[in-house]
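What Swiss-Prot lists as active site, for beta-ketoacyl synthase activity is Cys1429, His1565, Asn1608. Feature annotation from Swiss-Prot assigns compositional bias 'Polar residues' to 1114-1127. Swiss-Prot lists 1128-1140 with the feature compositional bias 'Basic residues'. Positions annotated as domain 'Carrier 1' by Swiss-Prot, on the basis of sequence analysis: 1043-1119. What Swiss-Prot records for 1159-1236 is domain 'Carrier 2', and it gives sequence analysis as the kind of evidence. Summarising the annotation, Swiss-Prot assigns domain 'Ketosynthase family 3 (KS3)' to 1266-1683. As annotated by Swiss-Prot, O-(pantetheine 4'-phosphoryl)serine applies to Ser1079, Ser1195. Residues annotated as region 'Condensation (C) domain' in Swiss-Prot: 43-397. Summarising the annotation, Swiss-Prot assigns region 'Adenylation (A) domain' to 506-907 and lists sequence analysis as the type of evidence. Residues annotated as region 'Disordered' in Swiss-Prot: 1114-1159.
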Amino acid sequence: MALFHNLEPKRSIDFMSGARTSSGSPSVSYSNSLPSPHTALVAPLSKMQRALWFDYISAPESTMYNLTLKFKLDQESEEYDGSISAILRAIDFLTKRHGMLRSTFHNSSNPSQPPYFAEIDSRHAHPTTHIVSSSEQLKRAALRGFDLSVDGPIRWIVFTNVKSNELYAVAHHIAVDGSSMSQLSKEIITLLTHYKHQSAEMLAPTTTSNYGLYCLAQDSYTHQESYKKALHFWSSQIAGTLPMEWNSSMLRTNPARLTQTTSQLDHRVCSTWLSLTPQELKAWGNLYKTSWFRVATALIGLLCAKHSKHKFRTDQSLLVAFGARPEQSNDVLGHFANGMPIKIPISMLERSESAQLGGFVKEVSKNISAAKREEMFPYVDLVQHARRNGLNSEHRVSVTFSPKLASDICSLYPVEGVCDLFFCFLEEEDGGAILGLIYDPQLFTPDAIQTLREDFIQLIRFSLSPEDATQSLASFPGLSARQQFNGPPLHDVVAIDQCRVHALVQQQATLRPEQLALYSEELQMYMTYEELEMATNQAAHCLRACGSCKGEVVALHLSHGFDMIIWIYAAFKSGAAFTVVDPSYPPTRKSAIFELSKAKICVYDSKTAPSLQWAIDENLCSVFITTAGSDNTPIDRFPTHPLTDEGSTLDDLAYIIFTSGSTGLPKGVMVAHRQLSHFVSAARDCTPVGPSVRALQVLSFSFDAAVLEYAATLVYGGTLCFAEHRDALVGDYLADVVDANKINHLTATPSILATLPAAREMPTLRSICVGGEHCPEGVLNTWRQRVQLIHAYGPTETTVAVTLHRLPREIDPEEVADGVSPSSIMGKPLPNVKIYVCDTSRRILKNGKIGELHISGPQVSRGYIDREELNAEKFWINEHGERTYASGDRGRILPDGTVLLYGRINNREIKVRGYRLELGEIEKMITKADTQVRTVSVQANVTGDGLLAFVTPRTVDTEALRLALAKYAPRYMIPSEILAIDALPCTVNDKVDHARVQRDMADLRARASKLGTASLLTPNDTPLQSPSPPLSDISQLDLTDDLEWAAAKARIAEIWRQVLAAPGPILGGVKFFEAGGNSLLVLKLKAEIEGAFGVKVSFSDLFQNSTVDSQVGLVQSRRGSSGSPRTVRSHARPQRKAKTPPRQARPETPESDYDQLPDLRDDVQQSICSIWMEVLGYHGKLDAKSNFFELGGTSLQIPILHKALLREFPASNVSLVKVFQSATLAAQVELLGRFTESPRFSPRPAITPSAAVVSRSPRRPSSPAREQYAIVGMSGRFPGASTIPEFWDLLVHQRDGIQAIGGLEDAPLGPNEVLVQRRGLIKDVEHFDHEFWKMPKNYALRMDPQKRHFLNVALEALDDAGIELDPQGQNDVGIFVGSSENTFREYCATRSEDAFEMRHSHHMDTAVSATAAYYLNTFGPNVTLNTACSSALVALKLGMDALATGQTKVVCVGGCTIEYPLQGYITEPGKVLSTTGEVRPFDAASDGSVPGDAVCAVIIKRATDALADGDQIYAFVDGAAVGSDGHLDKPGITVPSPRGQAETIKRAMQQAHARPEQIAHVEVHGSGTRMGDALELEGLSIAYDQHLGRQAGQRPVSVGSNKGNFGNCEAASGLVSIIKAALSISNGVVPPLRKLETVGDHVDFMRLNLTPAREPLRLSRHDKVGVTSLGLGGSTAHVVLSAPPGNARRTKEWKQIRELHPTLLPCGPAN
């Protein structure tokens, strides 16, 4: 075409620059001078200005943000006056007209206030003007930075010449943007024209508005709902993007980014690329039906994609400048431009091989259109949000458009900026544009920039014609799609037929062996592709050894987890197919699956073994394999190399999925390997999964949609992630799992998706595939705006899905015909799949007609196993000769091939929560379960998430029916309501009229309610009542809480009844799911329980405690630990207020020769185990020695246990006392076994390979209910370290912070005394910025330095925690400080002028915490205490209690010790203070301690609050305890007691729910005294061995002390240890002791099973760390810490107040 023939630039773009140094110019610095006394207006900087401010103050001498406007003025012009006098006159007028040109910029003296600008009164404003006559003078004047606090933001330069003058307006970008410069050009031309002719319209002396009003309006905007909506949009623009990483071919050999502190400042180079005429720009825009700038932005995105790296299915973003100027500010000069990131959808290359340039441009244009509506949102706020949530906050390429200037005598020199590449379009006067590129020459060579230019010109020409607009993106050189896997092309049906999914996964193991294949953050487990390949090979060899081969079926009766994946692929590799037998199915359902599938091998695990025992007894399979392992045939004895392929055919079976069937038996759908391969191959363009993408396994493996999760994810090279509790994957728990595992993609049914809280950020989640049932339009609209939503449709019989429709973020009216609901749009068929609409005679209808959907193609399955008649009915050959499946779904096809779905044709087959159900099958099960039932009608309930059954006659016991039905039907097939009525409506043929039942459900329910129905009772149970067990023979049991227990039980039972819509009361032994519950109803149950009892429970809590009884215990324990005023007592014995009773001895267990349980498979054993688990709410491992009380049982639970045992073993009639005395499992089996005739299990030999899962760290045990606390901020001053980084560095490098100091030289010494002139000192201890705290100087001089320094470190710690205090509001922060005595008072040289205050200074001295609360403006509790060296840990415990009881939401815990006078000390050998001036804990040379000073603070929150707030966490505090030694085993008050200390450690460990083997390290008090160290370690060993039952042979616990580094910091010492422990957890390593040469004989580490920390100790994620602090006199404290979740770990850097305020006032005795 004629356009775009010559793209060479008509003129050059340049900017006023050399390097960013001003070679001959005076250096510029920011002086932060005060505003002029003639200031007329003060306003905070706008958010856009603040983003530039941070760059400015770091390098005020830089010219990177200088924006220059040039005028070339002819002095002889007839159009305007170009004289110097006219120029100066115009400058003066504009300075008075525009407040921004006469403003100065300043940092606030209050760090909580933003920087501001001060507008000088126009009467006192004087512009900065230079008149120069040489180029050198011009360069010196122009190439300088700004001192914005003095000079203002603009510098005028007049370059004189004979016939012309040049005017330069050099402005800082913080004050003006490109549109303001355009406005300024117009106003200067207007003024000069007016001065020439006195006829042009003169400008008004002031503007209609001012920039200050805009700043205030912007601040107001940040508090509006529209701001939150905009944040949501902008988050979507950076979600799923990564910073651009340039290809190495583009970069210099050693690219360097010079900082602005070097002598050669960072600078940029400008390259003018091309010119575009108005006609060319118009044609460009018309071709793509959008603006030319949007087309250009899209092409720049493609250009950058070609020359950069990016991960699979990730996008990139460009900063695009938006005007963001309000209409009322049109004539105001200021910085309105807002550069914001626009997503460039590079992932389109992977989403579709046929992705077209036109579609790509359209996506970018949509993003820009939406961005224009939200252009007011500040970029700096988005960056902060991105950093908090782990999103991309780094943008290296910018695109901008500067509108045309007033005349061709004007030129604009753009800013250089800080981007790697800055594409700048300047509008020409004729409407054309010039493109220039400003780039970083330290990164790119000129040749690389030339390559970019050539490629961009090629892209422009590539985009010219309509034919090119429809070309594939991949056809452009360098933009080929990144493939998930090396599978055949989609058109090669034969090649896909030959593929095998397990072979494709094997390809990934070859390509990326170290890539994560399987992962679980909760379980702390993962497997790489290489490890998965090896494990599946071993399991395949095992199957082959057991007889597995082609044609066989392996039944997988496994828990949801890694094992299921291993054995699925092992079955494939062995040549067999697999079928999943869900462990939750009833025996009759499992029996049907075993029988229909003809499985000869069954694989199970230890968790699922109990529910499979009957099948083993009945020999339902030839071979049973357990993953639990045995010494005979462990799986790791099998080879890791692949099996030899026995040869395969096209129709080899891959798996059998069982669905509901109308005959009363499940239907087994047989899917062959080639059908599975076709689905996985066809889904590649629609499923956003690939290398480095994390997908969550949400669905049950018995549900065919799970294939999309485990097959597609692993074939495409992604990472498949698992939750610990799959059944609980709804609501907040699902969101928690997404965040913890950093999930990018998940598959869910609409029922599950509807529970996912849309208010949660979930920053890593990029896409969701939803299907399995009808999805409400509201759910689609909610999530399509947040993520890429994929709407899936496909019957099980056609292999998972036949359409995968990617929904646009907003409904496009052009794409949706009138009257079409978005929820009915399923999209177009997958490649090689055909969908037809047929009438009842199976004639294919034209598009647009409604009928039954029929599906053909290579994904159509083999059919149903052993159901020939049904196969003939559902699978047929259509008129085109294609094998076709009749789906039973009603729909139509639009002209473009889009499939619309309108539901089922047969309303007796429905979908509930993703499961396809034949209602007739359930009705047959009901009649089989109870022969009294004459007629039955099962319907979907009103909400569509459950079933409702009506039965006749009204005398049917509905609860007995439900219990009987549980023997035949899976949980999801059991109606949540069964209502008995007198009659059901019938047809003329005397059959139940199900349509009328559906229509009249409300009336039938009302009739059933009037008639009444049976309650939810177990067969041997009685209705709920207050328990009243006989007490005559158990007087030793305290049952005073029974009435309260019964009240709580009755309340929870009523909640269940309401949630389940049950007709009668519910008893404690019924499980929630057996009573008709499901995972969706758990949401309602959770809300009701939390509302009724005022406690917080998690989804996993409710899944683990699934009966009324266990939930009562859960609620009781939560209320007991929460300190709530509405306390409901737990099972535990209430504390008596009278004399403390003696410890109750454990009842002795009668001797028994039954000392070992053979695999817990005996009926008696299994029954008792189940009862224990239900009563205790315990789900761990049980063995013969398991003790009821040691597992958490109490005397109050014995009557419950006794009652349950009598129900199970009614013939035994054992007394409650006997049960009480038989405390172990073995004893109760022995006690009750004699009353049971069932023989003990005698299993035949089974192959039992060991677990194949490779775990890098052991599984973390699931935590019982407990409160944890998070350390989210810290700061401190320590000997030898003034910041936290310095503190850590000193510890890591084992340096000594104790230093030499003078003093006491003239003090008299006793016979054995020595003067030691060493001490742990704080640097600059006497310096304090009183002005910063707005404190009178004289008052500050008298203030205890402990208070001064605590003010600073408390504020720094709060800042480190991201907590900004409101100086005008009520800050809900509590302050708890352990502090030493104020010794400064006596040495203070400055006295108060108030005589009364001087006389009573001891009484008038405010506490450290009170002083901090005043100056920090906090309103929470404040406490200062002194328990000697344990003070800070005691303060920590009080702070935790304040959080637990709701007194405050944030606590600042402090420790302070600064002792005056600052001098050495006098001591003598054998005393507590060292004669050598060195602290050496545990060393043979240790001789005491050395005094040390420290002031430090940590910020703690409740862990749940910290995680919800997105805080970065150093460590969790799991438990803490304080105690006293008493006097019974102490020779004196100053001697520590090991037993007193052990008691405190025990209580802290119990509160933390920690076991000794979990403790990797303990930071002990370790004062360096021989006796003190020995007694302390003795106490630690007593706690672990005698109180907590540490087993022999466990790893020795590491012990360390920081006293060798800092000395004994007295009241602060415990918090110093906490900070060290928290940093150790955060960094994953414990620093070693400073100095340990020879272990002293006073410490027997081997006997104590402890080890000194000689070397750095690596910590794993599950390791815990203890901290002990011992106060003189017997006040002891112990704390247990652990690691937070990986996504909450601390990553940000520390800031210190002294870095922000370096000018410090000396305050001390010397002054």
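Every residue number used here counts from 1 along the chain in the order it is shown.
Cβ coordinates come from backbone N, Cα and C, glycine included.
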Measure from the Cβ of Asn1608 (active site, for beta-ketoacyl synthase activity) and count the other Cβ atoms within 10 Å, all protein chains considered.
28
What's the CA-CA gap between Asn1608 (active site, for beta-ketoacyl synthase activity) and His1565 (active site, for beta-ketoacyl synthase activity) in angstrom, rounded?
9
When DSSP is mapped onto helix/strand/coil, what comes out for Asn1608 (active site, for beta-ketoacyl synthase activity)?
strand
Integer Å distance between the CA atoms belonging to His1565 (active site, for beta-ketoacyl synthase activity) and Cys1429 (active site, for beta-ketoacyl synthase activity)
9
In the chain carrying His1565 (active site, for beta-ketoacyl synthase activity), residues 6 or more apart in sequence that have Cβ under 8 angstroms from it:
Cys1429, Gly1572, Glu1576, Ser1601, Lys1603, Ser1613, Ser1617, Thr1668, Ser1669, Leu1670
Under DSSP, is His1565 (active site, for beta-ketoacyl synthase activity) part of a helix or a strand, or is it coil?
coil
Per DSSP, to which secondary structure element type does Cys1429 (active site, for beta-ketoacyl synthase activity) belong, with helix, strand and coil as the options?
strand
By DSSP, what is the split of the domain 'Carrier 1' (1043-1119) into helix, strand and coil residues?
51 helix, 3 strand, 23 coil
Other C-beta atoms within 10 angstroms of the C-beta of Cys1429 (active site, for beta-ketoacyl synthase activity) total 28
What is the average pLDDT across the region 'Adenylation (A) domain' (506-907)?
88
